[in-house]
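Novice: I'd like to ask you about the structure that follows.
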Amino acid sequence: MVKEFLKKISEGKHLNFEEAREIVLSIDREEITEAQLGAILLGLRLKGENPEEIAGFVDVLHEKAKKVPNKTPAIDVCGTGGDKSNTFNISTAVAFTLASLGIKVAKHGNRAMSSKAGSIDVIEALGFKCSDNPEEIAKDIDDKGIGIIFAPYFHPVVGKAVKVRRELGIGTIFNMAGPMLNPANLSGQILGVYSEKVMHRMAEASLILKKDNILFYHGKDDGIDEISLSGKTVFAYLKNSKIDYFEFSPEDIGVKRYQREDFNGGDAQENAKILENIFKGRAKEAHIDIVAVNSAFALWVLGKVKEVKEGFDMVKDHIMKGKVYEYIETLRGKTA
C-alpha cells in the first residue's frame with residue numbers, strides 16, 4: 001500500500017482523502033519505514049500538498065489526539081510559523097489579551113522550530129507551566145479564561161514522525177496540519193499562514209472536514225503569518241460551509257502603516273519582555289497596535305464586535321489601561 005502511494009506521488013499525482021488518511025494510520029501503526037516516510041513527505045512537498053491530502057492528514061491526527069474537555073467553547077490564535085520573519089510572538093500576546101477581555105482561549109502551541117522563540121518558549125519565560133493533563137487544561141479554560149496546550153503532549157502520532165521531519169529539515173504537510181489540530185472544544189479560530197497559496201489550501205481542507213468559523217490570513221506584502229500593519233493582509237474566512245476571500249490594509253481602520261522591522265523580536269526572554277511591556281501598556285505603539293488589530297479580528301470572528309475598527313479601539317484602550325497586565329498578575333497568583 002505504502003509503495004503504491006509512493007509511486008503515485010513520484011508521478012506527480014495527488015492522493016485522495018482516504019489515501020492520505022491511510023498514510024497517517026500507517027505511521028501510527030509503525031508500518032512505514034523512515035525512508036518511505038521521508039520520501040512521501042518530500043514528494044508531497046515537491047508536487048504541492050493539495051486540500052484533500054491536508055484534510056486526510058488532519059482527520060486522523062485529530063482523531064488520535066488526546067482531547068481537552070473544556071465545557072465553554074474557546075478560540076485559538078496561532079500560526080503555521082515558517083515565515084522566517086523573526087517577529088515577536090504576536091499571537092501569544094493576542095491570546096492573553098483576549099483572555100483578559102473575558103474571551104475563553106485554548107492556546108495551542110509548540111517550541112521553536114525555525115524561529116528563535118516558539119509560543120511555548122515565551123509562555124514559559126512569562127512564568128507559566130504547561131500541563132499534560134487534559135482535564136486540568138479544560139479547567140484552566142473554564143475557570144481562568146485560558147488554557148495552554150503544548151502540542152507534543154496531545155498528538156502521539158505526530159511524535160512518531162518527529163525524527164524524520166527533523167532530518168529532512170524542511171517544511172512538510174505536518175506544518176500545515178499542526179495549527180489545525182487543536183484538541184479543545186472550539187468556537188472559532190484565527191490562523192496565520194506563511195504563504196497565500198498554502199492559506200487557500202488549508203481553508204479548502206477545513207471545508208472538506210466540515211470545520212467552521214476559522215479565519216485564515218497571510219501578510220501579503222511582508223510575508224508574515226500575522227495580520228499585518230506594514231502592508232496588505234489577505235484572508236480566507238470559512239463560515240457556514242463557505243469560504244469568503246477579502247483583503248485588509250491598516251488604512252482601512254485609520255491606523256498608520258509601520259515598517260516590517262518595527263515588529264522584530266528576539267529569543268524567548270526578549271520576546272517575553274516585549275509582551276510584558278505590551279500588557280502594561282508601556283510598549284512601542286507599533287507593538288500595541290499590531291496586538292490590538294489581531295485581537296480585533298478575533299473579536300469580530302466571535303461576533304463580539306460588528307466592525308474591526310470598533311474592536312481595535314476597544315482593545316487598544318484596554319491594553320493602554322494596563323488591564324491585560326492586571327489579568328496576567330492574577331494568573332500568576334500575585335493579586336486577589
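Cβ coordinates come from backbone N, Cα and C, glycine included.
Here Swiss-Prot flags GLY79, ASN110 as anthranilate 1 binding site. According to Swiss-Prot, the 5-phospho-alpha-D-ribose 1-diphosphate binding site annotation covers GLY79, 82-83, THR87, 89-92, 107-115, SER119, on the basis of sequence analysis. Among the features that Swiss-Prot reports, Mg(2+) 1 binding site is placed at SER91, GLU226, with the record citing sequence analysis. If you look up Swiss-Prot, you'll see ARG165 marked as anthranilate 2 binding site. Marked as Mg(2+) 2 binding site by Swiss-Prot: ASP225, GLU226.
Describe the structural context of these features.
Specialist: Note: GLY79 (anthranilate 1 binding site) has non-local neighbours SER91, PRO179, LEU191, GLY192, VAL193, TYR194, ASP225, GLU226, i.e. same-chain residues 6+ apart with C-beta under 8 A of its own C-beta.
DSSP gives ASN110 (anthranilate 1 binding site) a coil state; it is part of no helix or strand. The local packing around ASN110 (anthranilate 1 binding site), expressed as other Cβ atoms within 10 Å of its Cβ over all shown chains, amounts to 19.
In three-state terms derived from DSSP, SER91 (5-phospho-alpha-D-ribose 1-diphosphate binding site) belongs to a helical segment.
Following the DSSP three-state reduction, the secondary structure of ARG165 (anthranilate 2 binding site) is helix. For ARG165 (anthranilate 2 binding site), the same-chain residues 6+ apart in sequence whose C-beta sits under 8 angstroms from its C-beta are LEU41, THR172, PHE174.
In the three-state DSSP scheme, GLU226 (Mg(2+) 1 binding site) falls into the coil class. The Cβ of GLU226 (Mg(2+) 1 binding site) has 28 neighbouring Cβ atoms from other residues within 10 Å, across all protein chains displayed.
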Novice: In the structure shown, which of the binding-site residues HIS108, ARG111 has the fewest Cβ neighbours within 10 Å?
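Specialist: Counting other Cβ atoms within 10 Å of each of the binding-site residues HIS108, ARG111, the minimum falls on ARG111.
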Novice: Can you grab the distance from ASN110 (anthranilate 1 binding site) over to THR87 (5-phospho-alpha-D-ribose 1-diphosphate binding site)? Cα atoms, rounded to a whole Å.
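Specialist: Taking the Cα atoms only, ASN110 (anthranilate 1 binding site) lies 16 Å from THR87 (5-phospho-alpha-D-ribose 1-diphosphate binding site).
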